[in-house]
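A.B. asks: Pasting a structure below so you can have a look.
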Amino acid sequence: MTEPDSPDSPTARTSDPATRRGAVGLYPDDMHPGLVPGISIDEQRNRFGLDKMVFGITAPLILAFIIWGVTSPDSVASTSSSMFSWAMENTGWLLNIVMITALIVMVYLAFSRFGQIKLGKDDEEPEFSRFSWIAMMFGAGIGVGIFFFGPSEPLSYYLSPPPHTVDADTPEAVHQAMAQAHFHWGLSPWALYALVGGALAYSTYRRGRVSLLSSVFRTLFGENQTNGFAGRLVDIMAIIATLFGTAATLGLSAIQIGTGVEIVSGAGPLANSALIIIIAVLTLAFIISAVSGVSRGIRYLSNINISLTLGLILFVFLVGPTLFLLNLVPSGAASYASGLIEMMGKSLSWGQDTVDFQASWTAFYWAWWIAWTPFVGMFIARISRGRTLREFSVVTTLVPTAILILAFTIFGGTAITQHRNGAVGMDGNDSSEQILFSMFDNLPLAQITPWIIMFVLAVFFVTSADSASVIMGTLSEKGNPEPRKYTVIFWGLCMMGIAVVMLLAGGEDALSGLQNLTILIAIPFSVVLIGLIVAFIRDLSTDPAAIRRNYAETAIHNAVVKGLEEHGDDFELSVGRAEEGHGAGADFDSTSQEVTEWYQRTDEAGNAVGYDYGSGEWADGWTPDDDRRDDIGDEDADGDPVTPGVNRD
């Protein structure tokens, strides 16, 4: 008996000329669209270079903002505050829709027929171990939040619960506080990151497109608009969101570390000059990490930091109110699960008190996560190559969520317990960073833990800024996976410049103003994300694995029906030629450009060139070594060879 290959199997015989060849002349390189093994961006004949339009628009805008901040800081603060208030009250519904939709889509993709599709070629294996993979995505995501908000946010909800829920300072308030914190930091943001990361990984490593956010939209925009103004606008927005988000984090990290320095040294509040020095040191660290490459830089820092973070969480669990925390972990998670739908449904229609809470918390967080999706999503895409869409969706959404639930429960539960016991600094009136250090000050080893915390905070920022600077370089250089060092350094210095400007404009309050500006990026970006969802699912529906599955379902159904009709119980399946119009693909146009155009290989000028998918040979004899030979002696501004890439002028 001959059985058809599994439609999603990576072992489908795509290299056998007898099985991979369709009707001669109907398909690119005589390759049926259901048998294409996938195309990696590494196999494409591209030539990267600085995108003059993207960089030429974005760089002056950023420099103009820095000048504006230096010359008129009060104007920056008042403008951002006014726009923030309007956006929170008038667009909260859109932010809710995006977050809910992202979670639903990722659950669907994980358990749908698309789950076995690889974010890479059929036979490709993951580049990183699972531990390194998780550590990198976590460090480049929202790792700082564990420390900055872990103790203070649950304590805040305990003392001032969300409207229409429970009374403050009660056992019910403890569980409501945990549920609300988990809601803001759990499934929703990570589903959003997974959505953008999955779409980018698929586009780059399965469809062979350049690593740009705009590339995901090719199925909607078409090639001309993707390479034209519409695509560039998407990439410009991604750079601006990434730049402002990480600049705000740089400033906040400096304030957190500065608070730690004040505590361990016994000095008074640090002046802006000291905070600027901290910013400069952090900037130097992440630039060094960024130019060293993803594997050498981020991976080692992430592995160290995730271990230290888990160690600190375990330390608080063991020396804190252990028995209380053992009970709170499952009950807090259960409160989150049972109240998830209700919390998702909360909107501004609930009244002014809910409006105020949403503006301060939920809508603020949704906008913040949306603003961060370009660089976090692009980074997750880079490190997730070779994973199946099912593994990617489940792990990227659930594992960081589980870690954050544990961390927020342990830190938040400890902070609430210390408040109940009247511990120093835990009355809820101090800033988030002060509550963090006060909590550890009320635990053993108070002379050591502040140093560890400062190191962890610094490394968490370095991993995030490292990712961001490389991603902005990629977006500026037409998708170059290894952007030139001077481009990376330029964006790193821009991040430092914006953070310094906001500190000079008024310290922590000015950084809140910068956060407001970052959040405003989320409003137009919400529309971009909705389009991304449509484009991603449309791409998946025409994936070779999806086509094979459709053929298999039709063929097996037809064969079983015919077998039962003609032979009863005594039949087996075999493959043979069917009558015209009665085959497995009778209802599918396999010659349509929608399913064939994407795998037509081209040269650097965009001209069609023959390609053998079995041997990997180009009809014109081109090999990757040709690019390397052509680039000998051709150096960029920092002395590195020009990277092969695509011209998009």
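Note that Cβ sites are derived from N, Cα and C of the backbone, with glycine treated the same way.
Just so you know, TrEMBL annotations never went through curation; they're auto-generated.
TrEMBL lists 1-27, 606-649 with the feature region 'Disordered'. Annotation comment: TrEMBL describes 8-17 as compositional bias 'Polar residues'. Annotation source TrEMBL lists transmembrane segment at 53-71, 91-111, 131-150, 187-205, 236-258, 270-294, 306-326, 363-381, 393-416, 448-474, 486-505, 517-537.
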A.B. asks: If we call contact 3 or more Cβ pairs under 8 Å (sequence gap 6 or more), are the transmembrane segment (448-474) and the transmembrane segment (236-258) touching?
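C.D. replies: Touching, yes - the transmembrane segment (448-474) and the transmembrane segment (236-258) meet the threshold of 3 or more Cβ pairs under 8 Å.
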A.B. asks: May I ask which of the stretches 236-258, 393-416, 486-505 has the most CB pairs under 8 A with the transmembrane segment (270-294)?
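C.D. replies: It is 486-505, which has the most Cβ pairs under 8 Å.
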A.B. asks: I'm a bit unsure how to read this: which one of 53-71, 91-111, 363-381, 517-537 has the highest number of Cβ pairs shorter than 8 Å with the transmembrane segment (236-258)?
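C.D. replies: If we count Cβ pairs closer than 8 Å to the transmembrane segment (236-258), 363-381 scores highest.
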A.B. asks: Give me the stretch from 53-71, 91-111, 363-381, 517-537 with the greatest number of Cβ pairs under 8 Å to the transmembrane segment (187-205).
C.D. replies: 363-381
A.B. asks: May I ask which of the stretches 306-326, 363-381, 486-505, 517-537 has the most CB pairs under 8 A with the transmembrane segment (53-71)?
C.D. replies: 486-505
A.B. asks: For the transmembrane segment (91-111), which partner among 306-326, 393-416, 517-537 gives the most CB pairs under 8 Å?
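C.D. replies: By Cβ pairs under 8 Å, 517-537 leads among 306-326, 393-416, 517-537.
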A.B. asks: State the non-local partners of the transmembrane segment (393-416) in its own chain: residues 6+ outside its ends, Cβ under 8 Å from one of its Cβ atoms.
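C.D. replies: For the transmembrane segment (393-416), the nonlocal Cβ contacts are 106-107, 109-110, 115, 130, 133-134, 137-138, 141-142, 145-147, 149-155, 158, 174, 177-178, 181-182, 185-187, 190-191, 193-194, 197-198, 309-310, 313, 316-317, 320-321, 324-325, 328-329, 332-333, 336, 380, 384, 387, 426, 435, 439, 443.
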